[in-house]
Amino acid sequence: MSGGSYYVPAKSYWPILGSLATGFMMVGLGAQLVYGSANVLILIGVIAVVAVMAFWFRDVINESHQGLYDSQMDRSFRWGMGWFIFSEVMFFAAFFGALFYVRMFAIPWLGGEGAKGVSALLWPNFIAEWPLLSPPDASVSGPDNVFSPWQLPLVNTLLLVTSSITLTIAHEALKAEKRRVCRNWLAGTVILGCCFIFIQGVEYYEAYQHYGITLEAGIFGSTFFILTGFHGVHVIIGTLILMVMLARIIRGHFSDTGHFGFEASCWYWHFVDVVWLGLFIFVYVV
Amino acid sequence: MAPRIPLQSPLQHSDTVATAGGVDHHPSQPTGWRRWLLTTNHKEIGTLYLIFSLSMFFVGGIFALVVRAELFQPGLQLVEPEFFNQMTTMHGLIMVFAAVMPAFTGLANWMIPLQIGAPDMALPRLNNFSFWLLPVAFTLLLSTLLMPGGGPNFGWTFYAPLSTTYAPASTTFFILALHIAGISSILGAINIIATILNMRAPGMRLMDMPLFVWTWLITAFLLIAVMPVLAGVITMMLMDINFGTSFFDAGGGGDPVLFQHLFWFFGHPEVYIMILPAFGIVSAIIPTFARKPLFGYASMVYATAAIALLSFLVWAHHMFVVGLPLVAELFFMYSTMLIAVPTGVKVFNWVTTLFRGSISFESPMLFALAFVVLFTIGGFSGLMLAIAPADFQYHDTYFVVAHFHYVLVPGAIFAIMAGVYYWLPKWTGHYPNETLAKWHFWFSVIGVNLTFFPMHFAGLAGMPRRIPDYALQFADFNLVSSIGAFFFGASQLLFVLVIILCVRGGKPAPAKAWEGAVDLEWTVPSPAPLHTFETPPVFRQIEK
């Protein structure tokens, strides 16, 4: 409940500049995709978006250090971050839903199952299978092979699960005012995140060079890359966030009780970890 | 719902703070254009949303009038079929995403903090960001009309492969514009939920909140749940168009029907996103002008929640003819019909609130009453469409067009207009000109029915939607519809006139502008000062 000290900032340049930067980035992206040769626009847009975010967060951190925020403000941030993560869950749910639909319905139907078996007239030789190595139409060439889940994907799973544990240790250390311990475990978490990104990069290289798993390789490549790709982007963002948290810990930010920025980063990282577990099971293993 | 009275008068706080030059929170307010660009004030941002929405209402309306002008008589007269398709598409996109949704968000910005006794929205800067993304998004979307190959021409539902394999080049920009609008909606919804859950005045429990706040809480939940799914599906389109993936291409093992499932998993809750806040507005206005507490407050809350939950289980009723398995046809038919139960509870409660009330018919009440009657007509035609075997006949005809325009125009838009007339005294300090407002009401009611009622008959007789020409036997119905559309469109200029006159002057309104009004917003002065409830009012519910 409100105690009468809720901080309402008077004005800010970052929202309007952030909107324009977002628009710039999107126009650049569109121009690049449709007309080609707009890389510079995208670059400027991305830099502008990142800069606005940095200045905006700097304002929030300064206001927090000035003691302008009360416990009610803390709850606003908690609700805000919680619902933001829920929106991310639903974003990934769309891609998982697509994967399940394709595997449960679309491919069996293409193979002639059920009342919708008419597609067998178009592609009589199509065999329903998953992973789908031979898409129905001859113009689409499927992957040559798929990854064994028990090699790089397993290593990545262990890396991410471990990173969630190390991050929790860092968080507990911060709560116990053991800042050096916190710093070291947080640095370890960042390293684990970087290792994950590197291994995922190696896997993408392997996918294109030796496995024939590409974006154009039919529905297997499509679902594989959209799920692992967006997850990978989230790991990169999460690692960057943790790096910022590491820098703030080194600078002496956060206290044992007031560190929601740190805690929100932990929430985000654990969310990214859970998404990976879903990916590991449904994209690689099953 | 018993009337609610704050223990201490909140207007004292606002006044003292204003004369004291404000505490350190808000030193110098920027003036001129900077005031609007940099603002973090929920009232100013609410005003921005409402003005943006009203402008886009006319842009989308002009697109609709191009469509109606072409359909005035059979044959091709005014526009190329290609351009006609762009007009139907843009009309739908602009009305849904740029007119109706921002209007409700604008009302939420203005009224939720006032109705729960909060000093502002929970995250004021994020609030401004959410708004300013919209002009960016819709400038980009409208600019696609000028691009080589034309703008989106595949209908507002942008079914693949029309929107992927056979789409104009500008579709990529359409996708990116929709991404920006989606970010705006998600951030706005997060802000609204945080505000409602965290910023209520001391003593106000969830079940004490006005229904407009309740319906928006549930709407915000729907937005956060489904806008990311829309983002997901348009990202898959982007990939299919630009990166050679096969999500919606059966040749690569994907399925165009997958697009429809994902789209309508977003699209059906989206329909309720556009109507639940309308329920909230009507639930505020009818008790005020019937001078009776709302009948069945708790059942209204539960019915709203039930509608929201069911909305996740009915999406495939938009796809009855796509070739679903029989069990899916049956499931989605019955789950859709189930929605009539909580909706019926609501209509029953409104009618029962009126029963033996001491009713007066000011312009907000007229729009609210028209809402109840005309929205119910749209609800009944929805029930007809829910019957899967019957839908095989109605699908993609003007009957569908009639149905969803009845729930959106005299439904959502009439409720928005009712809310505007209801709250204008609070915003401007003046009552709107009642005579002009009544003319606006009657012209709108006549225009809306003239436009959309004949579409039922044209549709039942088999006239397909989204086609620029039609068979001769539909000529009379279409002539009436087109006359009605231009009449309705022109009468909306009256709406603008009433608003401008009301901003400039008029009969001064007291803090409690309507005799029967009970909620917290009527305890602050009219016009509401820029900062209200900086010290929260203590909320106490008076038992009957």
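In case you wondered, yes, glycine gets a Cβ from its N, Cα and C as well.
Please treat TrEMBL annotations as automatic predictions, because they have not gone through curation.
From a predicted model like this one, the values you see are computed outputs, not experimental measurements.
Here TrEMBL flags B:36-540 as domain 'Cytochrome oxidase subunit I profile'. The transmembrane segment feature in TrEMBL is assigned to B:48-69, B:89-110, B:131-151, B:171-199, B:211-239, B:271-290, B:297-316, B:322-345, B:366-388, B:400-424, B:436-459, B:479-503.
The stretch from B:48-69, B:89-110, B:297-316, B:366-388, B:479-503 that makes the most Cβ contacts under 8 Å with the transmembrane segment (B:322-345) is B:297-316. The transmembrane segment (B:400-424) is not in contact with the transmembrane segment (B:297-316), judged by fewer than 3 CB-CB distances under 8 Å for residue pairs 6 or more apart in sequence.
Within its own chain, the transmembrane segment (B:211-239) is flanked in space by residues 104, 107-108, 111-112, 115-116, 158, 160, 163-164, 171-172, 175-176, 178-179, 182, 185-186, 188-190, 192-193, 196-197, 245, 247-248, 259, 262-263, 265-266, 269-270, 272-273, 276-277, 279-281, 283-284, 294, 297, 300-301, 304-305, 308, 311-312, which lie at least six positions past its ends and keep a Cβ under 8 Å from the stretch. With a cut-off of 8 Å between Cβ atoms, the residues of this chain six or more beyond the transmembrane segment (B:48-69) that come close are 36, 39, 78-79, 83-84, 87-88, 90-91, 94-95, 98-100, 102-103, 105-107, 109-110, 131, 134-135, 138, 142, 413, 420, 451, 481-482, 485-486, 489, 492, 496, 499. Residues of the same chain lying 6 or more positions beyond the ends of the transmembrane segment (B:171-199) and with a Cβ under 8 Å from any Cβ of it are 93, 97-98, 101, 105, 108, 112-113, 116, 118-119, 121-123, 126-127, 129-131, 133-134, 136-138, 140-141, 143-144, 147, 151-152, 158, 163-164, 209, 213, 216-217, 219-221, 223-224, 227-228, 230-231, 234-235, 237-238, 241-242. Note on the transmembrane segment (B:479-503): residues 54, 57-58, 61-62, 64-65, 68-69, 71-73, 417, 420-421, 424, 428, 430-433, 436-437, 439-440, 443-444, 446-452, 454-455, 458 of its chain, located 6 or more positions outside it, place their CB under 8 angstroms from a CB of the stretch. For the domain 'Cytochrome oxidase subunit I profile' (B:36-540), the predicted model reports an average pLDDT of 97.
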